[in-house]
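Lifted from TrEMBL, the feature list:
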- 1-21: region 'Disordered' (REGION)
- 9-21: compositional bias 'Polar residues' (COMPBIAS)
- 46-69: transmembrane segment (TRANSMEM)
- 47-520: domain 'Major facilitator superfamily (MFS) profile' (DOMAIN)
- 138-157: transmembrane segment (TRANSMEM)
- 198-216: transmembrane segment (TRANSMEM)
- 228-248: transmembrane segment (TRANSMEM)
- 268-291: transmembrane segment (TRANSMEM)
- 311-333: transmembrane segment (TRANSMEM)
- 340-360: transmembrane segment (TRANSMEM)
- 366-392: transmembrane segment (TRANSMEM)
- 399-418: transmembrane segment (TRANSMEM)
- 430-452: transmembrane segment (TRANSMEM)
């Protein structure tokens, strides 16, 4: 009996020692992984990956429905018509049932496509302020969760109302995820060259998502059904959300509590420099937003294009967009004082390309101006998005939620107007006039970017001091700081003698005062 008991004891000891070793190894691995994640340079790169994937998903979901939803809704409508047709005594009404929904069909599609941008436009003022209050990580995580639910709703939607709900939910998620993501990049990448490069990479992912989504959605919809493309996007969104939860730890990291309160959005909106940038971002995206819903019908009418040609029209434009981002990042690193000029060049490119679209006679010719439009947009976005963060640094408080909410509002203005207004303009004035008008407005707006010429000469201001001067003292602490600053300006500094009595001594002009102005 004793040898058996001894063997059992040895087996138990072995099992215990193996379990303790495994526990130690897992703890060590977890600690090493935590150290890798928390290492500043690596963490910045991981954050950039998280944000880029979020932007890629948002834009893929935005464009993936282009080949899917119209055909799917048409199928639902035919099924409904067929169900009505087989009922008795409905032969006389059947023809009218075909005509009335068909008349509303284009309007339904336009409203569905625009609903995302419209809701995003309405939510952005709230999301920007919320981001400034709580930091960037929680809103990013909230946005990813809402986008995940929206994607699942798209996958299982069986009627127009559910599709509309899913599209609107996507706008809500985008208002938080996109704005928080761009603001997070601006916050973590403080060097201007690094920030421009990181935002350029994010823009490349936006472009890739927008341009690869229609072929991706169309092919999977045809061969695997409606649900598959949305379920794939939902899985990627879930993985990105888990990565965000692991790396950023949104609900345990409270370091933003002691950070300064951001400048209110209405003050940023009336800043002339920010207003010029926001106007440029809106106008440069108008050609893209207005052509997407109208170019398919024009191609069918004028060049009798097939469905695959219409589907592939925008795909080659991804490559000049990436080239534009690359060139702008390289030029900005070498000549950072010419950011305004790169934006103006981009707007001229967009204007010239937009004007040449109606002159195209076939599918191959049409690719050239569309590539020119995307190349110009890359110049404008890559030059002006980092400029927004720089303007906040030098003229306001370095909190970026509200300023990137303004940038998001600028994009949404163009994309909310596009599906609703473009068709009406084409109907009333014609496709040629639409393109000439969009080209002209881009070329005419380009000189306005001259107002940004001296932006790089500004010096970063001290947010606490500027806020005190601008808004006046609001409490005892602010009043004391204001009085001390006034004394310093007069050449006096406050000292405390041995008896605890405050005295004033003459003081030389220090470096702090010399750096108080906005301009170098």
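Cβ atoms are placed via backbone N, Cα and C, with glycine included.
TrEMBL: automatically predicted annotations, no manual curation.
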- Item | Stretch in 46-69, 198-216, 340-360, 430-452 most in contact with the transmembrane segment (228-248), if contact is a CB pair under 8 A | 46-69
- Query: Which bits of the chain, at least 6 residues beyond where the transmembrane segment (138-157) starts or stops, bring a Cβ under 8 A of a Cβ in it?
  - Reply: 50-51, 54, 57-58, 61, 65, 127, 130-131, 163, 165-167, 169-170, 172-181, 184, 226-227, 230-231, 233-234, 237-238, 240-241, 244-245, 248, 250-251, 401
- Message: Contact between the transmembrane segment (268-291) and the transmembrane segment (430-452) is defined here as three or more C-beta pairs under 8 Å separated by at least 6 residues; is that satisfied?
- Response: yes
- Query: Hey, which bits of the same chain come close to the transmembrane segment (340-360), Cβ under 8 Å, at least six residues off its ends?
  - Reply: 280, 283-284, 287, 291, 295, 303, 324, 328, 331-332, 366, 368-373, 375-380, 382-384, 387, 431-432, 435-436, 438-443, 445-447, 449-453, 455
- Note on the structure: If one takes Cβ-Cβ under 8 Å and requires six or more residues beyond its ends, the residues near the transmembrane segment (46-69) are 37, 109, 112-113, 116, 140, 143-144, 147, 150-151, 154, 163, 167, 170, 173-174, 177-178, 181-182, 184-185, 188, 198, 201-202, 205-214, 216-218, 221, 226, 229-230, 233, 236-237, 240, 243-244, 247-248, 292, 311
- Any chance the transmembrane segment (198-216) and the transmembrane segment (399-418) are in contact, meaning at least three CB pairs closer than 8 A with a sequence separation of 6+? no
- Query: Over the domain 'Major facilitator superfamily (MFS) profile' (47-520), what is the model's mean pLDDT?
  - Reply: 79
